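Since the structure comes first, as structure tokens, the remarks are kept for the end.
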Amino acid sequence: MQFIDQAEIQVEAGKGGDGMVAFRREKFVPAGGPAGGNGGRGGSVVLVAVANLQTLLDFKFQRVFKAENGKRGGPKNMTGAGGSDRLIEVPPGTMIYDRETEELLGDLVKPGQTCCVAQGGKGGLGNKHFLSNSNRAPEYALPGLDGEVRMLRLELKLLAEVGIIGLPNAGKSTLIAALSAARPKIADYPFTTLVPNLGVVRKPTGDGTVFADIPGLIEGASAGLGLGHEFLRHIERTRLLLHLVDITDVDPVENFETIQNELEVYGRSLEDKRQVLALNKVDAVDVKGAEIQELVNRFREISGGKVFLISAVAGIGLEELMQEIWGLLEMEEEVKSSELTPTPPLVSREES
């Protein structure tokens, strides 16, 4: 399936139904008063987040969405039927912007959340509303109002708990394939991954955590070079970053610092996210050699934390790495829970 994370669409709410001109005509009331009903309200356009969607691909083929118009008012003061709303399904994580004003209209994070993006027009008033002392038989009614028309920009940010970042060819796709049932395209050359890949990694308890293989970032990504902005955007919602560095590269330390700099320059608190550092492809080097040991110590000094030596291909060190990630996620969950739990009020002995 092709991954599309941005789209532009036009939404048109329904027009309100026209009010009706009608008069009461019954057997013993040959000249009754006005009885024209109001027009029905036009349908609105509503976006709804649906769990089984992961891309905005559908909007590549359909870009205009219209709600139903309201029906005309009827005789005997009957209000016309309202137009049906138009529901547009989007994946969770979709942000909705007005294309002209760039106003954020909605951020649909959870399945079932909705956002009304275009209100249907009000129905026109029937002639019963224009009865007055000077006009006992008004022969006019109001037309329904037009519904809202908007151009929208949809932007999808992946809802992954762990984002795997690193330069191209660091082994991110291989790692997510080793940890989950995801099968991303893998090859031994840079930029194999051109779109984010999602994989669900299972804990020993059976619970799943969504990992996102973010396509390889390059120097200048924060300024939009390559597909930098598109890729960095997907990191914003993650709870934890797994920074993967190719230990066999010419200068792994420089590669690490390049990515850290891009996160800092891009801003939006990306540089403050908790990170786990893993040096990949250790099956291709002598991990006990002095050169590698010196490199690992250097990384410990720079990152100020643990450094994991892994091989996504050979499965080396993956269990220890995952234990660290599970522990950090659980710790964060506990902190969040404690912040949400209200502190019970103190009761003095006199009050008790």
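Glycine too: its Cβ is placed from the backbone N, Cα and C atoms.
According to Swiss-Prot, the feature domain 'Obg' maps to 1-159, an assignment based on sequence analysis.
Residues annotated as domain 'OBG-type G' in Swiss-Prot: 160-330.
Look at Swiss-Prot and you will find 166-173, 191-195, 213-216, 280-283, 311-313 tagged as GTP binding site.
DSSP assigns SER173 (Mg(2+) binding site) to a helix in the three-state reduction. Taking the Cβ of SER173 (Mg(2+) binding site) as centre and 10 Å as the limit, one finds 24 other Cβ atoms among all the protein chains shown. Look at Swiss-Prot and you will find SER173, THR193 tagged as Mg(2+) binding site.
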Which residues does LYS281 (GTP binding site) neighbour through Cβ under 8 Å, counting only same-chain ones at least six apart?
GLY171, ASP246, ILE247, THR248, SER311, ALA312, VAL313
Where GLY166 (GTP binding site) and SER173 (Mg(2+) binding site) are concerned, what is their Cα separation in Å, rounded?
11
Return the average pLDDT for the domain 'Obg' (1-159) as a whole number.
92
Note down the number of other Cβ atoms within 10 Å of the Cβ of GLY166 (GTP binding site), including every protein chain shown.
25
